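Visitor: So Swiss-Prot says this about it:
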type     : residues : note
ACT_SITE : 137      : active site, nucleophile
ACT_SITE : 165      : active site, charge relay system
ACT_SITE : 230      : active site, charge relay system
DISULFID : 4-87     : disulfide bond
DISULFID : 176-181  : disulfide bond
DISULFID : 219-228  : disulfide bond
DISULFID : 245-269  : disulfide bond
DISULFID : 246-294  : disulfide bond
DISULFID : 262-267  : disulfide bond
């Protein structure tokens, strides 16, 4: 018995470009009908965005993130909608009990994204270097599983996977093969915002601990504000798409240096350009309680 069964038919994709911002659902079979795929080549950088438990591709946070990407650059954004396998349509009071079922579907959804990637590379000549994955919560692990699968398929690695507060329950004590991991892409960027729904464990090439990785400012009391802290990862990253070098991470230590002393050589900016900075490892990121959450007073490093 799985109340939230997975099949390839239950996963849909919303494909957005600057020219076509319609929220239509596509499948592996119908994606060829999208204007962007009428030709056999597409040169745009591609970004997959994948939601988490009991969410969907049309949830406001992901709609806002997709818009920020299209405002920023000439991207092709694919919002992966796996809501049925994520237990989104289940009875509210029972949803939490269904979490293990949604968690067990993550590898299958990751394999699906890898299959779409294979089609993009082989049928539409999209270079792997042009495909980046962003996932929130369970969607972060899905992105990691996609990263493992494309390597198995002989496609090489994605240039980057961005894990927004990867889900802790069912995953935090797993080894690399059973969760998002730094070997899943050439660069794996992790943003930690909740130590209960997420995990404090380092998982990536860079791990950003926003406000120490828990109890995000503006989210209210600990525990009660846990969902707010968990989803804040999506909002932080969206602001970092809009405002370059908005949130600066300082190397994690007992006495982190102030952001004002940062230089490009030892600190790293959260966001799409993080991988252009030389430093890797764990970083502490102070944040404000309201958007755009910036900690840099306009400083760009």
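Easy rule for this one: first residue shown is 1, then count along the chain.
The backbone N, Cα and C atoms fix where each Cβ goes, glycine too.
Keep in mind the model is a prediction, meaning the values are calculated, not measured.
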Visitor: Looking only at Cβ atoms, how many others are within 10 Å of the one on residue 245 (disulfide bond)?
Guide: 22
Visitor: Quick one: of 181, 228, 262, 267, 269, which of the disulfide-bonded residues has the smallest count of other CB atoms within 10 A?
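Guide: 228, out of the disulfide-bonded residues 181, 228, 262, 267, 269, has the fewest neighbouring Cβ atoms within 10 Å.
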Visitor: Measuring Cα to Cα, tell me the gap between the residue listed as 'active site, nucleophile' and residue 165 (active site, charge relay system) in whole angstrom.
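Guide: That separation, Cα to Cα, works out to 5 Å.
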Visitor: Looking only at 176, 246, which of these disulfide-bonded residues has the biggest number of Cβ atoms within 10 Å around its Cβ?
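Guide: Checking each of 176, 246, the winner is 246.
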Visitor: With residue 4 (disulfide bond) as the reference Cα, tell me which of the disulfide-bonded residues 181, 219, 267 is the closest one.
Guide: 181
Visitor: Do me a favour and check the Cα-Cα span between residue 176 (disulfide bond) and residue 294 (disulfide bond); whole Å is fine.
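Guide: That separation, Cα to Cα, works out to 32 Å.
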Visitor: What subset of the recorded positions 165, 181, 219, 228, 230, 294 lies within 10 angstroms of residue 269 (disulfide bond), using C-alpha positions?
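Guide: Of everything listed, nothing lies within 10 Å of residue 269 (disulfide bond) (Cα to Cα).
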Visitor: With residue 245 (disulfide bond) as the reference Cα, tell me which of the recorded positions 181, 230, 262, 267, 294 is the closest one.
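Guide: Given the candidates 181, 230, 262, 267, 294, the nearest one is 294.
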Visitor: Take the C-alpha atoms of residue 181 (disulfide bond) and residue 165 (active site, charge relay system) and report the distance between them in angstrom, rounded.
Guide: 13
Visitor: Going along the chain, which residues six or more apart from residue 230 (active site, charge relay system) have their CB under 8 A from its CB?
Guide: 137, 165, 193, 194, 197, 198
Visitor: If we check Cα distances from residue 219 (disulfide bond), which of the disulfide-bonded residues 87, 246, 267, 294 wins as closest?
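Guide: Going through 87, 246, 267, 294 one by one, the Cα closest to that of residue 219 (disulfide bond) is 294.
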Visitor: In terms of Cα spacing, which of the disulfide-bonded residues 228, 262, 294 are within 10 angstroms of residue 87 (disulfide bond)?
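Guide: Passing the 10 Å Cα cut: none.
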Visitor: Can you grab the distance from residue 262 (disulfide bond) over to residue 246 (disulfide bond)? Cα atoms, rounded to a whole Å.
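Guide: Residue 246 (disulfide bond) has its Cα 13 Å from the Cα of residue 262 (disulfide bond).
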Visitor: I need the CA-to-CA distance for residue 246 (disulfide bond) versus residue 267 (disulfide bond), whole Å please.
Guide: 13
Visitor: Can you give me the Cα-Cα distance between residue 267 (disulfide bond) and residue 228 (disulfide bond) in Å, rounded to a whole number?
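Guide: One finds 27 Å between the Cα atoms of these residues.
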